[in-house]
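Trainee: Okay, these came from TrEMBL:
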| type | residues | note |
| --- | --- | --- |
| TRANSMEM | A:20-42 | transmembrane segment |
| TRANSMEM | A:79-104 | transmembrane segment |
| DOMAIN | A:79-290 | domain 'ABC transmembrane type-1' |
| TRANSMEM | A:116-136 | transmembrane segment |
| TRANSMEM | A:163-186 | transmembrane segment |
| TRANSMEM | A:213-234 | transmembrane segment |
| TRANSMEM | A:269-293 | transmembrane segment |
Amino acid sequence: MARARAARVLVRRGALGRGLMTVPAALIYIGLMVVPVGYAVYYSFTSYNGIPSQTPEWVGLENYTRIFADPTGDMHSSLAVTGLIAVVGAFAVNVIALGLALLLRRTTPFTAFARAVMFYPHVLSALIVGFLWQAVLGPQGAVNNLLEGSGRSTLPFLSDPDWALATMIAVIVWAQLGVQLVLYLAGLQAVPADLQEAATLDGAGRVKVFQHVTWPALAPTVTVTIVTSVLSLLKVYEVVLGLTNGGPGDATQTWAYEILAVSFANNKVGLACAQAVLLIVVAGVLSFTIIALRRRAEEGAEALS
Amino acid sequence: MSQSGSRTARSRATVRNVAIAVLSVAMLVPLYIVVVNAFKPQQEILLSPLGLDLGTATTQFLQDAWTNPNFPVVSGYAVTLFLVVACNVVAIGVSVPTAYVIARTPTVLFRVLLMFFVAGMFIPAQIILVPAIFVLKALHLMGTLPGLVLFMSSTMIPFTLFIFTGFIRMLPRSLDEAAAIDGASQQRVLWRIVFPLMKPIVATAFILNALSAWNDFVSPQLILGPGSSFRTITTGVYAAVSSYTTNYEIVFPTLLLAVVPILLIFVLMQRHVMSGLSAGAVKG
């Protein structure tokens, strides 16, 4: 009887001890990520300007209607810029990374070197990548000086709105393809080698083998690479700061740029928070949609292995 | 027949190697431009951006960049290294016990707790920073290194905790049960038995968190403030370069000082960095 009670106390103490062990992580995570999301939601319904002496004034959905009606035209253009970066960028990064992975699939000293070369931009800060390419492709940058020196006309990489956006996407692709390359290489290792061999023996060409064996088996990898690339492309900010600072005009102002360098920098905290809440919702919904849509392809991959 | 087959195979391999070589060189061109132009005066950079005349090459501009008050290089590196270590200690330190409890307690409550933490992986750090600033202000941590470390750690916790939980779940339960029967306390079992087994996953988390801390610009810039006496490498580069983007005598040497150490570390550790990344993604 006494022993049973002692055992129960011990179990309860164990449960309490277990609960306590989660407290430090929960405190930091809740304090600096969950509570801020709450603040963001609350401020998004106010006209707060960030000045401590001012109390946030409740304005209902005004910030949200302002984003959708968009009287100044800033928000819609930054949404379009971000959408274009996410779609074109994710597509380009994934196609190039997969192509490179197939090219660098076998491990030799040469391919190991090439993999590291493809990956190195990722260890540089996006801000530094931006400044670096600004010095290479700017109006007085290295490329344009070379063109001028050889008697040709310069190219408006960063000075024409359309060119600037295309240049920025290319720079982002250059910086990010290494990460996805590593993921594809890991995914390719999981492709059953005996299946590929059997298909080749049966007379299937390289394209057929890729189409019917490699690509289906890569399905789980493709889900991860699409979700991670879309998530990171939705929040592009630092590379903008270094490369174009949003210009020319607002041609390369992304959603994150709009939040941090336009709304927040101009003390429109309420509006910045509404834009932030919307971005978080879009990122979450997009991720789960992609994961759900990819589930069928992944089931195919499981059937293969 | 077999000979022509091997010949096409060989020529295919040649084509592949040439393609790899060309692409590798293309990836390295921007880096080459930074290196050669860091030793040249503006006029020469503009005239011949790709060449390096050893006769006129000078380290003058590198020295100027080194002593640029906007980007105190040595202290910038010290602050950045401190952030890398401190954020990892906090994020890993609090994630280990939490992941252990979640992995070893198969109840609905703890499964929900894991999902609650993992949801943070979908929140972009620089986006949540704006409202987080108001929390830091309320805690009087705005403009301080502890405030910065806490915020950056909080953004690392979801992913760290997630891969740790997955890893501990694969460790045999009999290990810690045997130790517990021998009378070892829960803390002892965790830190003396489970934690040492977690070395590979801790290394993965450390490398990925270190990269994100090293390269973070927005958090130090906004939390410490642009006028702060503490500059990281990224905020220092921003202060030194952003107003002078066409003064290449400043741009190239500053960028060179900012990228050389991290590239050296990468060259030495590249296998660990790249395998850590794929390990993290597979577990994620």
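Placement of Cβ uses the backbone N, Cα and C atoms for every residue, glycine included.
I'd like to know what surrounds each of these features in this structure.
Mentor: Residues 56, 273, 276-277, 280 of the same chain, all 6+ positions outside the transmembrane segment (A:20-42), place their C-beta atoms under 8 angstroms from a C-beta of that stretch.
If one looks beyond the transmembrane segment (A:116-136) by at least 6 residues along the same chain, the residues whose Cβ comes under 8 Å of a Cβ in the stretch are 100, 104, 142-143, 158, 167, 171, 174-179, 181-182, 236-244.
Sequence-distant contacts of the transmembrane segment (A:163-186) (same chain, six or more residues past either end, CB-CB distance under 8 Å): 81, 84-85, 88-89, 92-94, 96-98, 100-101, 104-105, 115, 118-122, 124, 126, 129-130, 133, 137, 155-157, 218, 221, 224-225, 228-229, 232-233, 236, 239-240, 243-244, 247-248, 251-252.
Sequence-remote contacts of a segment are chain residues at least 6 beyond its ends whose Cβ falls under 8 Å from one of its Cβ atoms, and for the transmembrane segment (A:269-293) they are 37, 39-50, 56, 59, 63-64, 66-67, 75, 223, 226-227, 230-231, 234-235, 255-256, 258-260, 263.
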Trainee: Given a Cβ distance threshold of under 8 angstroms, which distant residues of the chain, six or more beyond its ends, lie next to the transmembrane segment (A:213-234)?
Mentor: 82, 85-86, 89-90, 93-94, 97-98, 172, 176, 179-180, 183-184, 186-188, 190-192, 195-196, 199, 255-256, 279, 282-283, 286-287, 290-291, 294, 297-298, 300-301, 304-305
Trainee: Residues of the same chain, at least six outside the transmembrane segment (A:79-104), with any C-beta under 8 angstroms of its C-beta?
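Mentor: Residues packing against the transmembrane segment (A:79-104) from afar: 111, 114-115, 118, 165, 168-169, 172-173, 176-178, 180-181, 183-185, 187-188, 210, 218, 222, 225-226, 229-230, 233-234, 236, 251-256.
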